[in-house]
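Have a look at the structure below before the remarks.
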Amino acid sequence: MAFDLAARLAERRAADLYRQRPLLQSPQGPQVVVDGQPLLAFCSNDYLGLANHPDVIQAWRAGAERWGVGGGASHLVIGHSTPHHQVEEALAELTGRPRALLFSTGYMANLGAITALVGQGDTVLQDRLNHASLLDGGLLSGARFSRYLHNDPASLASRLEKATGNTLVVTDGVFSMDGDCANLPALADVARARGAWLMVDDAHGLGTLGANGGGLLEQFGLGVDDVPVLIGTLGKACGTSGAFVVGSEELIEALVQFARPYIYTTSQPPALACATLKALELLRKDTWRREHLAALIRQFREGARQIGLTLMDSHTAIQPILIGDAGRAMALSRKLRERGLLVTAIRPPTVPVGSARLRVTLSAAHSEAQVQLLLNALAECYPQLESADA
């Protein structure tokens, strides 16, 4: 048989790398039902607790009554409705950029932006730990592709010396598996000095960072001249779905003309855009959500330190517990689930071999008591894992 899929699947099972889809049988929130089991979840990207907010739900209902269900066509045919346009205007205002362009998913936004901006004869340089969609965009662009050392401006500068054609430097804002933040001011300086453009995917920073929720760039005070291409997602802190690119008038017009993932797909349901508008309003107005989330992050890190857990250098909602071996990470995840807690084990190839981890994600919807329940369970389960290895 030409395609021996059974052997590939068996090999993945044997390496403790087999993935399965848990079945969510409740709305998003800290308290969920998964595969029939009530659980306290610490693995959602609903950072501000907006995915099940009653005002956002009502906005979707009202949007469906006014605009119907489907987008009907691509944006360039007859699928670009008033709610879509209003979301783009709100996103441009939130991020302090001239214009925004709405995409159906973050993956499509990253592929669309990179492949529209660089091609054969050009160069794309990426952080080694970038999200898969960024790496795929670089590979598919046809440009000369290279990765610099993680969050290392000197490594980037060295690779820029060999760059040809138009050069795009691409980085995550908040790295999704480590939770650390890119040194954007230094990366922007290096890129600008060599005539390159910096593109930042701030999927995990938007909404959670910055005084107004504008993300990591707002926190650093960086403008469109520092970061010409900014990507954000709407399915995380915003609680809905979709993604966007913000930047100059010329950038957005270029993407409308050349970004194939934008051109050749049906637009999102207009009702979804109505829900997103309400979520963006809450994201900006409810500053207590960011303040509460920051307090939970401090609580978790201090508690984890007392237990003796190995954490990554993260002060964001993503708090990975480094385990190392994939089998041990799975074992700890199972022990927590037996105690009613859902924390996902992240294994290769998502992370490098030998760096499997439990990826704890915190939300403004969590309470201090719920975070303490997680810490108590970790204090009980982690020593059991260590003693089993002894």
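Each residue, glycine too, has its Cβ placed from N, Cα and C.
All chains included, 7 other C-beta atoms sit within 10 angstroms of the C-beta of Arg19 (substrate binding site). Sequence annotations record features per position, and here Swiss-Prot assigns substrate binding site to Arg19, His131, Thr350 based on sequence analysis.
Its own atom aside, the Cβ of Tyr107 (pyridoxal 5'-phosphate binding site) has 18 Cβ atoms within 10 angstroms in the protein chains shown. Swiss-Prot lists Gly106, Tyr107, Ser176, His204, Thr233 with the feature pyridoxal 5'-phosphate binding site.
Residues annotated as N6-(pyridoxal phosphate)lysine in Swiss-Prot: Lys236. Same-chain residues at least 6 positions away in sequence with a Cβ under 8 Å from that of Lys236 (N6-(pyridoxal phosphate)lysine) are, in sequence order, Asn45, Asp46, Tyr47, Ala203, His204, Leu206, Gly207.
In the three-state DSSP assignment, the secondary structure recorded for Thr233 (pyridoxal 5'-phosphate binding site) is strand. The shortest Cα-Cα distance from Ser176 (pyridoxal 5'-phosphate binding site) to any of the binding-site residues (Arg19, His131, Thr350) is found for His131. Same-chain residues that are not part of Gly106, Tyr107, Ser176, His204, Thr233 yet have a Cβ within 8 Å of the Cβ center of the pyridoxal 5'-phosphate site turn out to be Asn110, His131, Ser133, Asp201, Ala203, Gly235, Lys236, Ala243. When the alpha carbons of Tyr107 (pyridoxal 5'-phosphate binding site) and His131 (substrate binding site) are compared, the span between them is 9 angstrom. Look at Tyr107 (pyridoxal 5'-phosphate binding site): DSSP puts it in a helix.
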